[in-house]
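Listed features, source TrEMBL:
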- 25-50: transmembrane segment (TRANSMEM)
- 41-302: domain 'G-protein coupled receptors family 1 profile' (DOMAIN)
- 62-80: transmembrane segment (TRANSMEM)
- 100-123: transmembrane segment (TRANSMEM)
- 144-167: transmembrane segment (TRANSMEM)
- 187-209: transmembrane segment (TRANSMEM)
- 250-276: transmembrane segment (TRANSMEM)
- 282-304: transmembrane segment (TRANSMEM)
């Protein structure tokens, strides 16, 4: 297998160009499937929320924000990768620095806002379940919710130009070793630490919800908020208490496992490359593909247990 230095900086699929054409065609088809399914699912969730008043809640506002960010990846970035993966390595499109920067910007913008939206949804649900209703109402006024959504996009717009190597993995593989250990390594480390911190906060929120529900199922059943229907587990009508607690734990665990599967491989590949030695190019490519695939799974991740979403989808 060719070494990492032959990993082309212009490769849209983060593959070795020496790999077989069959491999590149397979990944192009995979990107195409993810692009179509992710675009349809994200558009459907946005349409349902805007079309049905019962779905217009604060929690769903953050979900719609994440879907809009995921469309940047699924509808704009992935189709380009699917097409570019079928082009010959010496194509002028692949060698254009401006075009690579545009693609990297779309990917960085979408993934940053999407990850921020995951955290906003988790924190919203955590406050709803674990705090007093007056605290929730004071914190999640319409103006405050709009500011949180705006800050997620402002953060993404700030990070994308400041850290150009963050969303273009493999771009430093052509550089000498001393340069590779410099800015590119530190941007990868920053990415890994940022995702680790976001993951820790998200797990804290959801595990706090599980503890609260398991310890006080009665309190959850009497709260009169529609946001309870947007939890990753059913809140009303409550089944028998023991079965409800088991279902709640399994549902939250499944949500967290899918999120960890999509984000953690890239984190540990980045840490491995910074502190020890770069991971094999195929492993780096797979970790980025898992993170990007999360953009196609997010709509299902947050709506599959919601009876309100299922009822709205059936009516459509």
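The backbone N, Cα and C atoms fix where each Cβ goes, and this holds for glycine too.
A TrEMBL annotation is a machine prediction, not a hand-curated record.
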Name the range, of those listed as 25-50, 100-123, 187-209, 250-276, 282-304, that has the largest tally of Cβ pairs under 8 Å with the transmembrane segment (62-80). 100-123
Considering only the recorded stretches 100-123, 187-209, 250-276, 282-304, state which has the highest number of Cβ pairs under 8 Å to the transmembrane segment (25-50). 282-304
Hey, which bits of the same chain come close to the transmembrane segment (250-276), Cβ under 8 Å, at least six residues off its ends? 115, 118, 185-186, 188-189, 191-192, 195-196, 199, 202-203, 206-207, 209-210, 232-233, 283-284, 286-288, 290-291, 293-294, 297, 301, 305
What parts of the chain pack near the transmembrane segment (100-123), using Cβ distances under 8 Å and only residues at least 6 beyond its ends? 10, 12, 59, 62-63, 65-66, 68-73, 76-77, 80-81, 94, 148-149, 152-153, 155-157, 159-160, 163-164, 166-168, 195, 198, 201-202, 205-206, 259, 263, 291-292, 294-295, 298, 302
Would you mind giving the whole-number mean pLDDT across the domain 'G-protein coupled receptors family 1 profile' (41-302)? 77
